[in-house]
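Over in TrEMBL, the protein carries these features:
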DISULFID  Cys194-Cys215  disulfide bond
DISULFID  Cys290-Cys311  disulfide bond
DOMAIN    34-144  domain 'Ig-like'
DOMAIN    148-242  domain 'Link'
DOMAIN    245-338  domain 'Link'
SIGNAL    1-26  signal peptide
Amino acid sequence: MPGGLTLPTLCCFLLWAFTIFHKGQGDPASHPGPHYLLPPIHEVIHSHRGATTTLPCVLGTTPPSYKVRWSKVEPGELRETLILVTNGLHARGYGPLGGRARMRRGHRLDASLVIAGVRLEDEGRYRCELINGIEDESVALTLSLEGVVFPYQPSRGRYQFNYYEAKQACEEQDGRLATYSQLYQAWTEGLDWCNAGWLLEGSVRYPVLTARAPCGGRGRPGIRSYGPRDRMRDRYDAFCFTSALAGQVFFVPGRLTLSEAHAACRRRGAVVAKVGHLYAAWKFSGLDQCDGGWLADGSVRFPIITPRPRCGGLPDPGVRSFGFPRPQQAAYGTYCYAEN
């Protein structure tokens, strides 16, 4: 093109003009990101119950005067729970988690949070916020616990719990209400369950691997959803989540009533195991026992790692249930739990 712009020159001119225009319009992409807090390399930190875990938060440089505030974002609620505040020299903890939390202080730019004795309720989203009075910055991290999800219903039958009763029931069985992401992970690992149950966020769902008519129809497999429900009025089962145990579960054979099962465990310095204990032992310790045993809630169950004939009749590993026999029925052994 004699006397005109060549194609490469024209492209460069248009790119320059586009950039200048967006800077003039205040395009957010043209502004630099946080310059005091470094972005985390890994936004999800994996841990397990009982561990000591570090949530990393590092400053690239320090402002003249600042504070770092750590908080936990509560699921399903529009609020954050304060954990710890530090000015780089002194730190103060707040709330129940603050007593187990401290600053790592590996170096002068380190604002990482250390949580000792991780509990089930510690899982979730955390925020490290730098406050310097001019331009506050924050980074978000998620603490994820390795665990197992189990469906739970009481002896009265299915669909007995409102949200708050479901939450309490899980806690009584050494667990907590599962989150949607935990239920989804359990579904990918083989959880197939037709009864709907509460989740921590307040929604009601159930996981289906083999689509079938009595279980939501013959559509695609997946997580079926009833959506958010009335937490006081609506009643369903519960999906509970538990993690690794601090102790061990063992089986005591015999033909015992429920009261005899409690006595048998006490003689061994233990207590009758809860449902969450049995699922955790099955998941993390490989407990495989083809014998029904009493649990603390009055149910009878047994854990299977290697499916085999005359051992539950199902082709997949899992915890099998005999339901809730009469407590006076002397027909089963018992599963005991002892702290290490």
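Note: Cβ is positioned from N, Cα and C throughout, glycine not excepted.
Where the annotation comes from TrEMBL, it is an automatic prediction and has not been curated.
Listed in sequence order, Cys194, Val208 are the same-chain residues at least 6 apart in sequence whose CB falls under 8 Å from the CB of Cys215 (disulfide bond). Mean pLDDT across the domain 'Link' (148-242) comes to 94 in this model. If you take the C-beta of Cys311 (disulfide bond) and look for same-chain residues 6 or more apart in sequence within under 8 angstroms, you find Cys290, Ile304.
The Cβ neighbour count for Cys194 (disulfide bond), using a 10 Å radius over every protein chain in view, is 14.
Secondary structure by DSSP for the domain 'Link' (245-338): 20 helix, 30 strand, 44 coil.
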